[in-house]
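Per Swiss-Prot, the feature active site, nucleophile maps to D312; the stated evidence is similarity to another entry. Residues or ranges marked as active site, proton donor/acceptor in Swiss-Prot: E565. Taken from Swiss-Prot, the feature region '7 X 16 AA tandem repeats of D-N-A-T-S-G-S-T-K-Q-E-S-S-[IV]-A-N' covers 66-177, and the record attributes it to a curator's inference. What Swiss-Prot records for 66-81 is repeat '1'. According to Swiss-Prot, the repeat '5' annotation covers 130-145, on the basis of a curator's inference. The annotation repeat '7' is assigned in Swiss-Prot to 162-177. Look at Swiss-Prot and you will find D466 tagged as site 'Transition state stabilizer'.
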Amino acid sequence: MTKEHKKMYKAGKYWAVATLVSASILMEVGVTTHADAVENNKYDGTANVNIDCQANVDGKIISTDDNATSGSTKQESSIANDNATSGSTKQESSIANDNATSGSTKQESSIANDNATSGSTKQESSVANDNATSGSTKQESSVANDNATSGSTKQESSVANDNATSGSTKQESSVANDTKTAVVDESKNTSNTENDNSQLKQTNNEQPSAATQANLKKLNHEAAKAVQNAKIDAGSLTDEQINELNKINFSKSAEKGAKLTFKDLEGIGNAIVKQDPQYAVPYFNAKEIKNMPASYTVDAQTGKMAHLDVWDSWPVQDPTGYVSNYKGYQLVIAMMGIPNTPNGDNHIYLLYNKYGDNDFSHWRNAGSIFGTNENNVYQEWSGSAIVNDNGTIQLFYTSNDTSDYKLNDQRLATATLNLDVDDNGVAIKSVDNYHILFEGDGFHYQTYDQFANGKDRKNDDYCLRDPHVVQSENGDRYLVFEANTGMEDYQSDDQIYNWANYGGDDAFNIKSFFKLLNNKNDRELASLANGAIGILKLNNDQTNPKVEEVYSPLVSTLMASDEVERVNVVKLGDKYYLFSATRVSRGSDRELNAKDITIVGDNVAMIGYVSDNLMGKYKPLNNSGVVLTASVPANWRTATYSYYAVPVEGHPDQVLITSYMSNKDFASGEGNYATLAPSFIVQINPDDTTTVLARATNQGDWVWDDSSRNDNMLGVLKEGAVNSAALPGEWGKPVDWSLINRSSGLGLKPHQPVNPSQPTTPATPVNPSQPTTPATPVNPSQPTTPATPVNPSATTTPATPVNPSATTTPAKPVNPSQPTTPAKPVQAGQATATNFVDQRLPQTGENNSQSQTMSFIGILLAMFGSLLGFLGIKKRRND
C-alpha cells in the first residue's frame, strides 16, 4: 500500500469512528435527558392542607382578624394567602395575602386587643389556609393558604391569613382586635433575658478589636471555641459572662442513654405553635362525643352508683404487644373517679367488650379491681397488663401513697387477676399476689425520700409511675416506666453547665445558656428537671414477679423537663418504638409554655423514639421526638391527652393512638365527663418520621379493622359548623390554669391530617402503580439496543480484523459476498460504542424506541462514512 493509499485509508477510518462516536453521544444525551425529566418529576409527598382563616405568629400572644394588616422585612414569621406563591430557598418565613406580596425581613410584632398588649419576640411560626400545597424538601413546618404553592427547599415555616397585607421594614406593629383580649405576664420574667442576649454582638469580617482579643484570652480553650463558632464578638462579653462560660462542662463523654435536650423541648413547643398537620391531633366532631355509658358504675370509694370521669386507660395485651383476644373479649383497664372529689378519687376499673366490637355503648364495667372499700389515701394510677402463660392477667400499675402528708409517693406495683368469663360477660374472680415491685434505687432512679429532702419541693416534680410491661421473644419480661434520675446523673444547678443538655449548635446553646442564667425561675426549674424513662428486668415468675436487674434510663430529660409519662413500647418489625406523653409546662422554658397556651390553649404532646433493640440506644423520631401535638384549648370537649399507642394488625408501619377526651372535673362544662376519645392512626415512615393520618374510629376503639373507620368523628376548626371541634360557647373561653389565668387559643388555625391515599414521600418510589424507572431497560419486551451487534444471526465481520492471523489486505472489503466491509475501519469505534451502550443499561427512564431509532441512524452514518472511505481508496488504486 502506497503512502497516499494509507492516508486515504486512515481518513476513511477516522470518518467512520467519528460518525459512530457522534451517534453514541446523541443517543446518550437523549436517554440522559429523559432520565433527568423522570428524576425531577418525583412526588414530594407533601399533603394539601385545608385552612379557613386565622393567622398565627410564633410569639407570646397572637390574635388575628380578617382585614388585619401586618408586615415586615427581615422576619422570622410568615403568612401566605390565596393564590400566593412562595419559592424561596432556605427561608425562615414568608407572609403574603390575596394577590399581595410580602417583602419583610425582621419583624418584632405585637398584636394587641382592646386594652390588652402582647409583646411577641422572634416569631418563627406559621399558619396557612385552604387547599394549599407545599413542595418543601427539607422543611420543619410549612403550611400555606388558598391555592398557594410553596417551593422552598429548606423552609422553617409559612403562615397564612385572609386579606392580610404585609409590607413594612423592621416594624414593631400592633394590631387591634375588637373581639379577643390577651395579656401575657411572662414578659416580666423574660425581658431581661432578651436584653442580656442582645448584648452578644455578632462578629464581622474586620480585624478583631483589642477588646475582642483580650476577652478571648480570658476564655478557656473550649469556651473561646464555642464563642467563635457562634460568631459572637468576644469583645461584647462582660466579665461575668466570661466567668460563666468558663464554668461550662464541654465533655463529650458517651451518654448511657438518649437525651431529650433543651433544643428538643423547643422543637416540641414550637411544633404545638405551628399546628403542623404532620403532628397535630385530628380535630374531632364535638357533637359526636359522648360520656362513656360504662363509666356509670359503683364507685370504689363511696360504694355507690355514680358517673365517673375516665382518664388513663390501657388494654390487656398478649406477649407480642397486640390487644389480646381474651376468650372472645377485649379487656381494658382504666383510671376512673368521681369528678371534683376532695383529695381525689383515682382508682382502676376493668372494662370489657366483645373483641372487634366498635360500638362505644357496648362496653361494660366489671368494677373496681380492688373492690369498693377504697380511700383517697391509697390510690391506683396507670400501668399495663399482659396475659400470663396460665391464662391469668398480670397487672402492673402505680400505687400512690399520700399518707402522713406525703406528696404522691409513687411506687411500681403488680397483681394477678383471675377472671370468670362466659357468654354473659367478664367478672373479677380474685386478685392475688399484690405487692410493691420498685420504689427507686437512689442511684439510677430517684426515691421519694430524695425528693422529699430536696431543696425545693414546691417546684420539683417526683415521678415513679406508669409501668409498661414488654415481653421479649425468649419470654423475659421488662418494665419500662416514668421516673426521675438518681445520683448516677442527678438534678442540680450543675446540669445548666452541661453542654450536652442543650442539644443545639454553639449559637443556640450560648443563647439558651444565658437565657436560663438570667431568668431566676427558669433557672430553678432547669436545675430541678431530671425526668427519665427507666427500664428494669423482672425474674421469670410471671404471677409473682420480682425485680431482677435495674438499668440506667433509656431516655433522660435533665435540665429540659421533669415529666415524661404514660410510657409504652411498640415493636414493629425489627424495631422498638418508645412513646411517652408530656407537657411543655413541665419543662424549664416558661416562655415557650406561655406561647403554647396563648396560641393553642394547651401544651400537651406525645414524643417518640426508635431503636434496633429494647435496651437502646434510642433515637428521637422527627429529630426532636415530637409525634403528636395539641390541637385545641384544654377546656374544649375535644381536648385529648394521655396518648397510648398499640400496633395495628396487618400494618407493620402504623400504630393506633388512644387517649381520653375532655379534662377531668368538668373542664369543658358541667355534665361533660372525661371519656375515651376516638382513636386515630399514625404512620411510621422508613426515615424515622411520623405522619398523622385522616383515619378516626368510634370512641374507645382499640382494635383497628375494616369496620373501624368512622369519618363522622372527624371535625373542623370552624365555629358553628355541624362537625365543629368546639361546642357552642367554647370559642374564646379562657382556660383557668391554677397559676396561669389568661385567654388562650387565640392563634388556632385549621389543619387537616394526611389522607392515606396521599402517600408520604417514602412510599412513592415503592408504589406498584408508579414503577421505578430501572424496570424499563430490563423489560424483555423492550430489548436494549446492544442486542443488534451481538445477535448471532448478524454476520458482522469484526471477528476477522481482531483475529491475529487475519492479514490487513484490502481483498476482503471488495468481496461482494461480504457487504459489511466497513468492519476494519469501525473496529475501534464499534468497540467504543458497544461499551458505551453497556454503560447506559442502568440509566433510568430510557425510551426504547428512541434508543433503537438513534442506534439505527448511527449505524447508517457509520456505513456511509466507511463507504466513502472505501470508494476513496478504490479510486486512488485505480488511478
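Cβ atoms here come from the backbone N, Cα and C positions, even for glycine.
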Open item on the list: Among D312, D466, E565, the recorded positions in question, whose Cβ has the most other Cβ atoms within 10 Å in this structure?
Closed with: D466
TODO: Tell me, roughly as an integer, the mean pLDDT over the repeat '5' (130-145).
DONE: 36
Open item on the list: Just to verify a number: CA distance, E565 (active site, proton donor/acceptor) to D312 (active site, nucleophile), in angstrom, no decimals.
Closed with: 11
- [ ] Would you mind reading off the Cα separation of D466 (site 'Transition state stabilizer') from D312 (active site, nucleophile), to the nearest angstrom?
- [x] 10
